[in-house]
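Please read the structure below before turning to the comments.
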Amino acid sequence: MANIVNFTDKQFENRLNDNLEELIQGKKAVESPTAFLLGGQPGSGKTSLRSAIFEETQGNVIVIDNDTFKQQHPNFDELVKLYEKDVVKHVTPYSNRMTEAIISRLSDQGYNLVIEGTGRTTDVPIQTATMLQAKGYETKMYVMAVPKINSYLGTIERYETMYADDPMTARATPKQAHDIVVKNLPTNLETLHKTGLFSDIRLYNREGVKLYSSLETPSISPKETLEKELNRKVSGKEIQPTLERIEQKMVLNKHQETPEFKAIQQKLESLQPPTPPIPKTPKLPGI
């Protein structure tokens, strides 16, 4: 039996051409293109960065998201049956190759690009920015600045949503993977700032408010602003709606036995106002 993780060059090229045709629909190549590299820990809500970029480019930008190519593996359904939740690591080499090929082809033609990432390391953004600048691109980096408790809850909610859709392939983000990005992102961003490769590094919160721009304050590193936001204390009232949504999804998914569910329930109970004592009924005379 052939290894179903493998795929032929012809299969790959056919899918690549289909993707390119679909992605360039309604988009125009420009004389001075810009590439926007995105960063932020898992669960931070990086897709919300697209709104600011669409506004900046009047919608003339192509989003390249590695995750969207994973299910395009020619043998994806068979791989799901075989590996279930571990399918992601078996299709990632395919999605990585697809992402690289799409970036290469579209940047040859001069389209504005949005390239998803996390900022877990500095190598990939540096390599990508260097390669694109050699093709005449201006490179910018936009990063989510979200308190770590909010993004961690975001990873749980995303998993529960995926589980409701397809329990077999839903894959939780380990807390350790989330925390590694939280720990490394501020220093990595400072390193990227010092390279001078990016004409602007911006920080945004989930509401789309710009918290920092290296273009506006070039002498100030983004590190301090990001660290402050990552470690910002969030009130119980702020996260209560999120906790309630997650609790509801976990009940529907029958995940009440998980440590996460118990921790969320405990937190919600602590946010409830204390029950006032029942007033004693005064005794009536003669009774």
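Yeah, the Cβs are placed from backbone N, Cα and C, and that goes for glycine too.
Going by Swiss-Prot, these are the annotated features:
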type	residues	note
ACT_SITE	Asp67	active site, proton acceptor
BINDING	Gly40, Gln41, Pro42, Gly43, Ser44, Gly45, Lys46, Thr47	ATP binding site
BINDING	Asn66, Glu100, Thr118, Arg120, Thr128	substrate binding site
COMPBIAS	273-287	compositional bias 'Pro residues'
REGION	267-287	region 'Disordered'
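All protein chains included, Thr128 (substrate binding site) registers 21 other Cβ atoms within 10 Å of its own Cβ. Between the candidate binding-site residues, Gly40, Pro42, Gly43, Gly45, the densest Cβ environment within 10 Å is the one around Gly40.
Taking only the Cα positions, the spacing between Glu100 (substrate binding site) and Gly40 (ATP binding site) is 20 angstrom.
One way to see the shell of the ATP site is to take the Cβ centroid of Gly40, Gln41, Pro42, Gly43, Ser44, Gly45, Lys46, Thr47; the remaining same-chain residues with a Cβ within 8 Å of it are Thr118, Met144, Val146, Ser151, Gly154. Cα spacing between Asp67 (active site, proton acceptor) and Gly40 (ATP binding site): 15 Å, rounded to the nearest whole number. Counted within 10 Å of its Cβ, the other Cβ atoms near Glu100 (substrate binding site) come to 14, all protein chains included.
Put simply, Thr118 is the one of the binding-site residues Asn66, Thr118, Arg120, Thr128 whose Cα lies nearest to the Cα of Gly45 (ATP binding site).
Checked against Ser44 (ATP binding site) by C-alpha proximity, the binding-site residues Asn66, Thr118, Arg120, Thr128 yield Thr118 as the nearest. Classification of Thr47 (ATP binding site) by DSSP places it within a helix. On the backbone, the CA of Lys46 (ATP binding site) and the CA of Thr118 (substrate binding site) stand 9 Å apart. Measuring Cα to Cα from Arg120 (substrate binding site), the binding-site residues that fall within 10 Å are Gly40, Gln41, out of Gly40, Gln41, Gly43, Thr47. Counting in whole angstrom, Thr47 (ATP binding site) lies 12 from Thr118 (substrate binding site) by their C-alpha atoms.
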